[in-house]
């Protein structure tokens, strides 16, 4: 059977169907419900007149990557490439900075392959976000992401493998920092 148009409405269809498929009655993951809800709230809170389209695209891509990270604890390469392409639209740095930063990124990736400090996808995402922002912006993004992750770890049960999907928290940090950058960035500059 084919889904009806009203079955495809994010958030509302989940609520109406009480988290189950209309036809097969299988449970739908609450992860996607919360991801859709948070993205909807985030996009609704943006001032469309002062928000650029590539930022909205990057936010949508971050939400997409977050859902992959939540479910699979990894992000797809093609999703990272999509974010990279979006970030190329808004590069905030001259080529003289991008070259050395790319070398540093590669060195950190190589070290991370041996030491496994953080997920490789997290590093990819941070590099993409650096292309369109600044180090100060990323510091605030990381700070807010870490606070959100700590709150999550207090509320949710501790993961058995001691690993948490960090992309959703990076997404929260990215959004909050973008929304309040006029207040946050001067605090540490």
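For all residues, glycine too, the Cβ spot is worked out from N, Cα and C.
Segment annotation: TrEMBL labels transmembrane segment over residues 78-108 (candidates 47-77, 78-108).
Away from its own ends, the transmembrane segment (78-108) comes close to residues 52, 54-55, 57-58, 61-62, 64-65, 68, 121, 123-125, 127-134 of its chain (Cβ-Cβ under 8 Å, at least six residues beyond either end). Taken together, the residues of the domain 'Prepilin peptidase A24 N-terminal' (2-46) have an average pLDDT of 77.
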